[in-house]
Amino acid sequence: MLKNSHVCIIIWLFGFISGFNIMITGNTLNYWFAKKDIALQTIGILSFITLPYSINFLLAPVFDTVQIKCLNKILGHRLSWICLTSTTLISLTSILSFLDPGTDLVLLSFIAFIISFFSATQDTILSALRTEIVPKELLGFTSGIYIFGYRVGMLLASSGAIYLSIYLTFNKIYQIFACVIFVYLILLILVSRYTNSVDVIEENTSYFYVARCYTMEEMHLKNEFFIKHYFNFFKNCISAYLLKIFSGSHVYRNDISLAYFIVLILIFLVLYRLPDNLINVMINPFLLHLGYNAFEIASVCKFCGVIGAIIGGLIGGIIMKYKNMLYSILLFGIIHALSHILFILLEVNGKNSLILFITIGIESITGGMTMTAYIAFISSLCQGKFRATQYSLLSSMMGISRSIFPIISGYMVVNFGWQNFFLFTTIITIPSLLILLKIQTKL
């Protein structure tokens with residue numbers, strides 16, 4: 001059995017690398033593009049690079065069943081997959097470090113997309129391994145450890161990288177990224193001797209038994225299995241998922257149809273986070289446009305932004321203890337939408353460190369509050385023993401909002417200007433709140 005201290009170290013490492021990897025192809029790459037004066041329209045379109053994070057749940061059955069025989073005997077089922085994905089990430093990040101967005105944009109974007117795919121893949125595997133090695137009584141505590149590691153990883157790969165760009169080129173920084181992933185892999189292998197994760201997933205925790213449609217023998221078929229059964233599995237799995245979410249609820253028995261209700265929920269999940277996701281893609285070009293340097297962006301926008309989000313999460317959690325969830329979602333959504341008006345004030349006044357600090361502080365705190373309510377809402381929709389699958393599918397809507405719709409953000413800025421862009425991010429919150437009022441009586 002794992003000792004509690006070993007569990008904490010391993011879970012912290014899991015969180016660290018997840019947060020670190022998402023920044024490699026996320027905000028840090030976005031900042032590099034902006035510094036290279038890549039067109040705003042192009043920067044917006046390249047938000048699709050993070051799309052694999054939206055659909056990583058589709059690959060979960062593969063990593064539950066397929067074994068890497070050459071590594072499985074040495075490291076075990078999960079760790080062998082982690083070793084493979086980490087090695088691939090090291091190689092791809094090293095290749096990316098020799099490219100230049102100014103001259104190799106297409107190739108660099110393609111490699112970044114593949115990096116994002118393997119990062120999302122690793123997240124899925126780490127999540128599965130985390131559920132296997134953490135005792136039930138430590139789930140709450142280790143979740144905090146995981147989030148702490150995640151935030152540290154994000155800070156180092158975003159704020160830390162932008163600060164380093166004062167002294168180093170981004171090519172050198174991405175070489176450092178590859179070295180960090182290598183060190184992480186070595187550390188994880190060293191502590192892996194403490195793990196006791198199983199090689200074959202038990203029936204009651206297997207992804208495939210969510211839909212109850214295949215036997216263990218069928219699950220271990222190789223190429224023939226994936227060709228014949230992969231999509232059938234997901235059809236059955238999603239059907240079981242939808243039935244389980246709403247079985248026994250007011251929704252399932254009321255005049256509003258199940259399909260219509262589900263569509264409304266999915267639209268809400270996309271629209272509620274859309275303003276933040278539009279801004280996140282354009283925030284680096286906006287700050288550079290105003291004349292802020294790398295140090296100011298790293299310290300105020302990135303570092304203080306993360307701290308503000310943490311504080312906002314705590315405030316949101318406290319408020320939700322005394323107010324019901326739907327009231328909190330509505331209240332936080334309105335407050336956060338109004339905070340976007342501060343970006344217009346910043347654009348009107350030009351470079352002003354005090355206004356920047358106030359804007360980022362308020363936007364981050366209210367953003368942390370909305371995120372807390374958002375996650376709580378998703379969790380409330382998940383019922384029964386299929387919660388993991390339900391949560392993965394619902395949370396993928398957040399990823400779609402982050403990866404697909406922000407494609408238009410660059411075009412909006414170029415054609416309508418920064419002030420109208422931020423005004424739009426304020427107004428676009430209204431449809432999501434109207435949908436919330438529509439569905440609240442059915443929840």
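Here the Cβ of each residue, glycine as well, is placed from N, Cα and C on the backbone.
On a predicted model such as this, the values are computed, not experimentally measured, just so you know.
Of all ranges given (206-226, 416-436), Swiss-Prot attaches the label transmembrane segment to 416-436. Remark: the transmembrane segment (106-128) contacts the transmembrane segment (6-26), by the rule of 3 or more CB pairs under 8 A. Of the recorded ranges 172-192, 300-320, 416-436, the transmembrane segment (326-346) has the largest number of C-beta contacts under 8 angstroms with 416-436.
Between the transmembrane segment (300-320) and the stretches 6-26, 172-192, 355-375, 416-436, it is 355-375 that has the most C-beta pairs under 8 angstroms. For the transmembrane segment (172-192), the partner stretch with the highest count of Cβ pairs under 8 angstroms, out of 6-26, 144-164, 355-375, 416-436, is 6-26. Sequence-distant neighbours of the transmembrane segment (416-436) (same chain, 6+ residues past either end, Cβ-Cβ under 8 Å): 264, 267-268, 271-272, 274-275, 278-279, 282, 286, 289, 326, 329-330, 333-334, 336-338, 340-341, 343-344, 347-348, 409.
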